[in-house]
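A.B. asks: The structure that follows is given in the form of structure tokens.
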Amino acid sequence: MKIAIPITDENFDEVLLKARNADILEFRVDSFTNKDISFVSGLLKKAKENGFETILTIRSEKEGGAYVENRVEMFEKLMPLSDYTDIELSSTDIIAYISRLSKEYNKKLIVSYHNFEMTPANFVIKETIREALRYGDIPKIALKANSYEDVARLMCSAIDIKTPKILISMGEFGKISRIAGFIFGSFISYAYLEKPNAPGQLSLEEMLKLKEMFYLR
């Protein structure tokens, strides 16, 4: 079980201290104030020096991110410095290229899919996971849960996928998935330090308490 904290470049040294009990820092580069490649490179190296794994994420506008003009160049230059890279399944114009890059650099590629409105039918979830695995190593499926049944359907739809995966039910109903997902093979859960980055996200403090309560390793 690994806990990831999405971060920007704001108060970076303070974040390193506050996040010391987390495992991974997700660099949301699309939300950085300073997107200079050499600057971001320096922060990635500093995170590694402080014992964190890192996820490079440059989220697209259509999945909740901000526009980045030189997005592909940033992937090219920064991927070698990060343990994982996250690319949206919906980024159809560049996903095949990013997939090839990840293989060249021998880096793990997270292929993510977000639905902020609903949890689709089970066969749609399974097909989305299969499509994600065409390009990457780790499917990340984040769906809005409008009932506890939606949470259960997501978890059960992916239970036969034996490769590493990330399963998230968003919203109030989905809060339980942030910790229960580990039981169904989800190996990363995202938490926050100051304010949630996604609906239903738990704080790092809450996640650590739940991890201890349920003896999750």
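Here the Cβ of each residue, glycine as well, is placed from N, Cα and C on the backbone.
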A.B. asks: Among Arg100, Arg178, indicate the single residue that Swiss-Prot lists for the 3-dehydroquinate site containing Glu26, Phe27, Arg28, Arg59, Gln201.
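C.D. replies: As annotated by Swiss-Prot, Glu26, Phe27, Arg28, Arg59, Gln201 share the 3-dehydroquinate site with Arg178, chosen from Arg100, Arg178.
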A.B. asks: Give the maximum pairwise CA distance in Å, whole number, for the residues Glu26, Phe27, Arg28, Arg59, Arg178, Gln201 listed as binding 3-dehydroquinate.
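C.D. replies: Maximum Cα-Cα distance: 21 Å.
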A.B. asks: Among the recorded positions Arg59, His114, Arg178, Gln201, report those whose Cα falls within 10 Å of that of Lys140 (active site, schiff-base intermediate with substrate); none is a fine answer.
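C.D. replies: Of everything listed, what lies within 10 Å of Lys140 (active site, schiff-base intermediate with substrate) (Cα to Cα) is His114.
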A.B. asks: Quick one: what's DSSP say for Gln201 (3-dehydroquinate binding site), helix, strand or coil?
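C.D. replies: DSSP call for Gln201 (3-dehydroquinate binding site): coil, neither helix nor strand.
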